[in-house]
Amino acid sequence: MRYAIVFFLVCVITLGEALKCVNLQANGIKMTQECAKEDTKCLTLRSLKKTLKFCASGRTCTTMKIMSLPGEQITCCEGNMCNA
């Protein structure tokens, strides 16, 4: 039971960080140009109206793919491809 609670909290924190990045970019706040060391992938979130790109860890990519809404397309690229 403890492991389930810890896993849930880790997922919530990870998803919260990813959503924070999306919200920052959606609100027009300039994000850093370079990814952090742990962010080895570029996550692209495509919805009906917007396409958002940000750096993410492998775990964040997996979580976002699982938690995506219908109509959203999420892809993850290797390396720092967000600025391309």
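Backbone N, Cα and C atoms are what each Cβ position is placed from, and that goes for glycine too.
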Cross-link partner of Cys55 (disulfide, per Swiss-Prot) out of Cys35, Cys61: Cys35
Cysteine of Cys61, Cys82 paired with Cys76 via disulfide, per Swiss-Prot: Cys61
Lowest local Cβ density (other Cβ within 10 Å) among disulfide-bonded residues: Cys35, Cys77: Cys77
CB within-chain contacts under 8 A for Cys61 (disulfide bond), separation at least 6: Lys41, Leu43, Ile74, Cys76
Three-class DSSP secondary structure - Cys35 (disulfide bond): coil
Least Cβ-crowded entry, counting other Cβ within 10 Å, from the disulfide-bonded residues listed as Cys42, Cys55, Cys76: Cys76
Local backbone state of Cys61 (disulfide bond), from DSSP in three classes: helix
